[in-house]
Amino acid sequence: MSKTLQSFNLLKWIDENKELLKPPVNNKVIWQDSEFIAMILGGPNRRRDFHVDPSDEFFYQIKGECYVECITEEGKREVVTVKEGDVFMLPAMVPHSPHRVANTYGLVIERKRSQGELEDFVWFCDECNHEMHRVRVQLSDIEKQVKEAIHSFNSNKEIRACKNCGHIMPEEVGEWKCE
């Protein structure tokens, strides 16, 4: 989309672009020339990283439900269910892992990062919750860089092995199930 003073039908845009929503993240930025990152995300996604973003993130769930797994200040995992039609404002710096199941769509808006403003992608052990791996990036292309970080983790057995309990996270990630 170019900078215009015209509205468009978002549901039609999703229908016309849904083939671009591919795992592991299933995201597509709507406008490239904005000071915001406004993107559509579809399910099912295939990710288990936790994103630590220096910006607040606004979630609007268009179809189905989204599950945002967060790490609390006490280090506990907590799942926020964002139901169809709901909005959710995730505060900056909260480690979170958004999970989307099949046939779901949501809009996420966050601000573009300033030069030198870094963010992390972190993996925690499924068994003992120990931090296994962290990647710090200067985010400039959210569609490309998140996929690269996930692929790098998934393809390296050494970093998928927990140094605390020995559990080895599988290379492939199945569809997330809310427990």
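Backbone N, Cα and C define each Cβ position, glycine as well.
Keep in mind the model is a prediction, meaning the values are calculated, not measured.
Feature annotation from Swiss-Prot assigns O2 binding site to Arg47; the stated evidence is sequence analysis. Taken from Swiss-Prot, the feature Fe cation 1 binding site applies to His51, Glu57, His96. The substrate binding site annotation in Swiss-Prot covers Glu57, Arg100, Glu110. Residues or ranges marked as Fe cation 2 binding site in Swiss-Prot (evidence: sequence analysis): Cys125, Cys128, Cys162, Cys165.
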Remaining residues near the recorded Fe cation 2 site, that is with C-beta within 8 Å of the centroid of the site residues Cys125, Cys128, Cys162, Cys165: Asp126, Glu127, Asn129, His130, Met132, Lys163, Asn164, Gly166, His167
Cβ neighbour count (within 10 Å, all chains shown) around Glu57 (Fe cation 1 binding site): 20
Cβ within 8 Å of the mean position of the Cβ atoms of His51, Glu57, His96: remaining residues of the chain near Fe cation 1: Phe50, Val52, Asp53, Val68, Leu90, Val94, Pro95, Ser97, Pro98
Residues near Glu110 (substrate binding site) in space but at least six apart in sequence (CB under 8 A): Phe36, Ile37, Asp53, Ser55, Asp56, Glu57, Phe58
Chain-internal residues near Arg47 (O2 binding site), provided their CB is under 8 angstroms and they sit 6+ positions away: Pro24, Val25, Ser97, Pro98, His99, Val146, Ile150, Val173
Rounded distance in angstrom between the Cα atoms of Cys165 (Fe cation 2 binding site) and His51 (Fe cation 1 binding site): 23
Integer Cα-Cα distance in angstrom, His96 (Fe cation 1 binding site) to Cys125 (Fe cation 2 binding site): 14
Distance, His51 (Fe cation 1 binding site) to Cys128 (Fe cation 2 binding site) (CA atoms, angstrom): 19
